[in-house]
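Student: Below you'll find the structure I mean.
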Amino acid sequence: MLSPTNSTSKTAPVPPQDSSKPVLISEEPQNQLLQKVARTALVVLLVVVTLGLILLFYSFSDLQSFPWCCQTRPSTKEQPTISIPVPLPSPPLAVPRPSTPPPPVISRPSMPPAPTPAISPPSTPSAPKPSTPPPLPPKAPKPVKTQEDLLPFVPEQVFVEMYEDMARRRTIEALVPAWDSDIIFKCLCYFHTLYQGLIPLETFPPATIFNFKQKIISILEDKKAVLRGEPIKGSLPICCSEENYRRHLHGTTLLPVFMWYHPTPKTLSDTMQTMKQLAIKGSVGASHWLLVIVDIQARRLVYFDSLYNYVMSPEDMEKDLQSFAQQLDQVYPAYDSQKFSVKIAAKEVIQKGSGSSCGAWCCQFLHWYLRDPFTDALNDLPVDSVERHENLASFVQACEAAVQDLPELFWPEAKALF
């Protein structure tokens, strides 16, 4: 069988390739690779250098913020700071420096001294000389507020008036001494010798605001018993016999009831206890004498308070006495059915500038009433308190002289019954 190819057209045989020989690379691709590597390395280097410069700049800025960064001292030992105060009276001060150049002179300012900032001398290679800083100027003392600064301002005229009032009070106290129950009872005994219709009621113990009504009613009941010839039911006085007391009750037409008052106690027992305590101490304290006159003949209740409203207001006292007057109308009725009336004697404070003349004022008012019960002698009192008490002092001296011969705590003899 014949081959399809022509036998005459023969091709040259291809020699076999040797597998051991290396395949050669062209030089152009190799140069391009080297250029890429070089460019990459250059870019990386530029980036590193840029970052390094940035870090170096920020590091230098941080170092510059420290206080020791810009100082040129070679030594690590910190130089002491010298503060030089510049007071007014002192001469100009020179700041000493360890260096050879002369120190600059700090001239004194024309304005008042102010706190001087600390001056740091420049450092030198040599060791600085130790120096002691001068003492700081004393601080201005803080204003101290005294008790006078805290008190309100009082005008001088007020002190003058207070001094005059104090001097006036001392003068009045020297003119009129305090009267106790013994002097008052002696004064009543003396008044009985002048006016037979007055009964000298004992003032030991005296009546109080809590029992004066019961005492008045008891005396009027005993008077009715004497007029009827019956025995008395009330208690007898300490220093008076029953016969003498009955004679006094028979002829009396006026009952002077002295009341002892103190604002602290609120009951009768507490009042008597306070009275004993003050008597032991020998002090009057805040006690006060009051007077209630029971005028049987004129059918009238007269209330006198030299302090005007020490116990209660005059309006309240008048209402209370009006109620008591109605009770007396039933206890001791009049033959002509006349009713008891009430009168508040004092219209103002009588004992101005005095705290212990109340007993003497009660006796003075009683003496005025005995002389003329229908004339108000209080309207004629002097306005000046010193002059008023000078007149009272004259009455006191006359009474004290009159009672010197009277026996102690002894009732005067009343007239015999008819």
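Every residue, even glycine, has its Cβ placed from backbone N, Cα and C.
From Swiss-Prot, for reference:
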type     : residues : note
COMPBIAS : 1-11     : compositional bias 'Polar residues'
REGION   : 1-23     : region 'Disordered'
TRANSMEM : 40-60    : transmembrane segment
REGION   : 72-145   : region 'Disordered'
COMPBIAS : 86-141   : compositional bias 'Pro residues'
ACT_SITE : His288   : active site
ACT_SITE : Asp305   : active site
ACT_SITE : Cys358   : active site
Student: Fewest neighbouring Cβ atoms within 10 Å: which of the active-site residues His288, Asp305, Cys358?
Tutor: His288
Student: Could you state the whole-number distance in Å separating the C-alpha atoms of Cys358 (active site) and Asp305 (active site)?
Tutor: 8
Student: Please report the distance from the Cα of Asp305 (active site) to the Cα of His288 (active site), rounded to the nearest angstrom.
Tutor: 9
Student: Give the helix, strand or coil assignment DSSP yields for Asp305 (active site).
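Tutor: DSSP assigns Asp305 (active site) to coil.
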